[in-house]
Amino acid sequence: MWVESSDEWICLMGSKMQLKFDKYWDECNKLLTVAVILDPRYKMAIVSYAYKGVYDLQADFYILEIREFLSKIFKEYSDKYEKSSGLVDSSRLGSGLGGSSISGEWLGGFQDFVASSNLGEQARKSELDEYLKEGLFPMDNDSEFDILNWWKLNGPKFPILARMAQDILAIPTSSVASESSFSKCRRVITDTRSSLQSESVETLMCVKDWLPDIRDGTGPTDQSEDIAEDDLSYGEWDMEF
């Protein structure tokens with residue numbers, strides 16, 4: 001690593017880079033890691049590989065942290081999935097079996113037994129464990145691999161994980177500033193704009209004030225006015241210094 005270089009200048013540069021890396025790495029959203037785990041080509045294997053390179057002897061601690069975070073999200077989706085999947089109420093089951101209230105009470109007691117014995121929890125965990133223990137999907141044709149289609153095909157096998165993938169993999173990994181999307185002058189920051197001197201900015205602000213008077217008819221012709229508007233469109237910028 002550069003921080004271990006015998007060259008003093010490179011060592012200093014590497015140390016500064018390491019500080020910057022550590023700062024932003026700690027702020028990294030864990031959902032990004034979960035998104036990678038939901039890729040059947042990588043799963044937890046890539047987390048173990050990457051974390052051992054970053055954390056070295058502390059890797060196991062952070063790997064366990066990610067695994068617990070994954071299990072927590074999976075449990076939340078499991079609970080939500082069970083509620084939305086239309087589980088039949090015990091009283092309705094009782095009436096369907098003959099209308100006896102005793103049957104309904106008995107089935108209700110059975111549901112309480114399942115909940116207290118964590119049998120449902122074990123079944124839910126088995127889906128996550130089965131996915132993680134299953135072999136990695138071959139990476140021979142990475143360019144042709146469609147992860148969303150893979151989850152669509154494997155949804156019946158991993159219903160809860162498929163719902164997780166549907167939500168998490170839809171999150172954009174990058175975003176565009178609202179100014180860049182909706183401003184009339186398009187990109188707010190360019191090499192030209194960011195290198196302007198304070199005098200130039202002051203001049204452009206003045207031109208922005210004067211331009212309405214020119215549009216009233218006391219200024220240049222329509223054609224030259226269009227050119228002036230194009231050249232002086234910098235006055236539309238929103239700048240912070």
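Glycine is treated like the rest: Cβ placed from N, Cα and C.
TrEMBL lists 223-241 with the feature compositional bias 'Acidic residues'.
Look at TrEMBL and you will find 2-77 tagged as domain 'hAT-like transposase RNase-H fold'.
The domain 'HAT C-terminal dimerisation' feature in TrEMBL is assigned to 127-211. Model confidence over the domain 'HAT C-terminal dimerisation' (127-211) is summarised by a mean pLDDT of 79.
Marked as region 'Disordered' by TrEMBL: 216-241.
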Open item on the list: From the DSSP assignment alone, can you count helix, strand and coil residues within the domain 'hAT-like transposase RNase-H fold' (2-77)?
Closed with: 65 helix, 0 strand, 11 coil
